[in-house]
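*Asks:* From TrEMBL, here are the annotated features:
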type     : residues : note
TRANSMEM : 17-36    : transmembrane segment
TRANSMEM : 73-92    : transmembrane segment
TRANSMEM : 112-134  : transmembrane segment
TRANSMEM : 143-162  : transmembrane segment
TRANSMEM : 184-206  : transmembrane segment
TRANSMEM : 247-272  : transmembrane segment
TRANSMEM : 284-308  : transmembrane segment
TRANSMEM : 328-349  : transmembrane segment
TRANSMEM : 424-441  : transmembrane segment
TRANSMEM : 462-484  : transmembrane segment
TRANSMEM : 504-522  : transmembrane segment
Amino acid sequence: MMNKSNESLSLWKRSELVILILYALSFYAIVIRRSLQLSQDNSWRLRGLQPGWISDWSNDVSDGQWRNFRGNLPVLTFVFGIFILIANTLRAKYCLKGKGMSVVWLLISLSYLSYLHEACVLFVVSIAFINFLLIKRLFKTKYFLFVLWMINIFWLLCNRIYEGYLFSNIWQRLAFLDSYRGSFRWHICFNFVILRMISFGYDYYWAHQKSRFDQKKHIQQCSICSSGKICFHLLQERSVQIHEYSFSMYLCYLTYAPLYIAGPIISFNAFASQLDMPQKNNSLCAVAWYGARWVLCLVLMELMTHLFHYNAFAISDSWQQLTPFEVFIIGYGVLNFMWLKFLLIWRYFRFWSLIGGIETPENMPKCINNCYNLESFWKNWHASFNKWLVRYMYIPLGGSQRKLLNVWVVFTFVAIWHDLEWKLLSWAWLTCLFFIPELLVKSAVTAFKAKNVFGEFILREFSAVSGAITITCLMVANLVGYVIGPSGLNWLISRFLQKEGLPILGGMFTTFYVGTKLMLHIREAEQRRK
């Protein structure tokens, strides 16, 4: 009887999968067709479009971050190629280890920063030096970690409020240096430096404490470490020798050229370990294939920005005249554009870091369309930042024991770290609100044990419905944070709760339900392969 029930369930799942795939293909066909029509019909009134290189299509370069990265790509590639060639040649010729390589990369990185920020590199080095002195002097005190956070949040806020400071405000005789501020605002990049300064402080503090990390047990249980390689978790948790917490290594870590502008973020322990002994987890062929895949993603991005002008709609007022269905398409398109943009930026710098011997976490390990809950989404969107937050904020605050409280602290910090804007704080607090029902649903699902085929069916349906709700909430939070702002939230709600918007809301929910079902099938297939 049980075998027949399992066979029936298996047959139903296969039939369901076919229906789900057909629905998904139909959905994307409609979205692509309508997106093309919207972009063609409205291109004359959208800001940020330039003549493209594909046929006579306009190219959407309205996003400043993407426009700057894309425009500087040839120069960046040439410069990083020279940097890596110099560093790797010196390492091979003189058999340099951690200390020697820290000096090499420090000289290379400071020359790079001097080009980016010119005289403002003095602010970077000065703040870094003050922070280093405070860490070395205060690490034995009772309130060291609290002081570390307060000092770095102080730098974060002051840098933004005073827009990077003026030399003339510090000393009038230095006013002439205000004419040499460089091509890249130093206080924007410094947000990443602040994360590294906090990481150094924590790792140095923990190096003087009794370690709770069982290295032998980890190596036995980890598939990577047991095979003779070293996983990133081991690099991060294993403290380096005390003498390696030197100022040259510290400053090299803060300014390491391939990761300076955008990351990915890496702990001091992991960085210092790999500077001493370069990563061997990724072979030359694997790194080359990683670069080739990046090129394919770049081609995809070029096609996307030429065919679909999602971001140009988002930054203009044109989207307010659109129908609810068109608003949904633009919102969905903007999220996919943002995902692909950040994937390209982060993977580009990670590629050069890998060639230089430093492995960092992958920031976008999963596609944005393959996440159906908030926890999974944030583990796979800017994943290195997520790992940093878990290690240096979430766990020290109490971890899962105070999860509902900790998410508010963590996401508020994330919003402030990005920028001092109300719409980012609104995004953070909306995300925290949406976390509450998800945690309650997860608790209910964990408590519920499927005793038969019907119970398993109910559990899958419940997971699919909750996934659809979560994706809807995630879209709303990101639209408020990055497109319409908190003032547009009332407009968005009223637009979809009107007579014209309700069918679209129902269709949107059905689409997310189908998408979640497909993701559940993918998870099951992944489990079968293990």
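Heads up, the Cβ atoms here are built off N, Cα and C, so glycines get one too.
Predicted automatically and left uncurated, TrEMBL annotations should be read as such.
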*Asks:* Mind checking which residues reach the transmembrane segment (143-162)? Cβ under 8 Å, same chain, six or more beyond either end.
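*Replies:* For the transmembrane segment (143-162), the list is 127, 131, 134-135, 169, 187, 190-191, 194, 197-198, 201-202, 205, 396, 416-417, 419-420.
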*Asks:* Given pairs 6 or more apart, does the transmembrane segment (112-134) have at least three Cβ pairs under 8 Å with the transmembrane segment (462-484)?
*Replies:* no
*Asks:* Taking pairs 6 or more apart in sequence, does the count of Cβ pairs under 8 Å between the transmembrane segment (17-36) and the transmembrane segment (328-349) hit 3 or more?
*Replies:* yes
*Asks:* Looking only at residues six or more beyond either end of the transmembrane segment (184-206), which have a C-beta under 8 A from one in the stretch?
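*Replies:* 116-117, 120-121, 123-124, 127-128, 131-132, 135-136, 139, 144-145, 148-149, 152, 155-156, 159-160, 163-164, 239, 245, 250, 253-255, 259-263, 265, 267-269, 385, 388, 391-392, 417-418.
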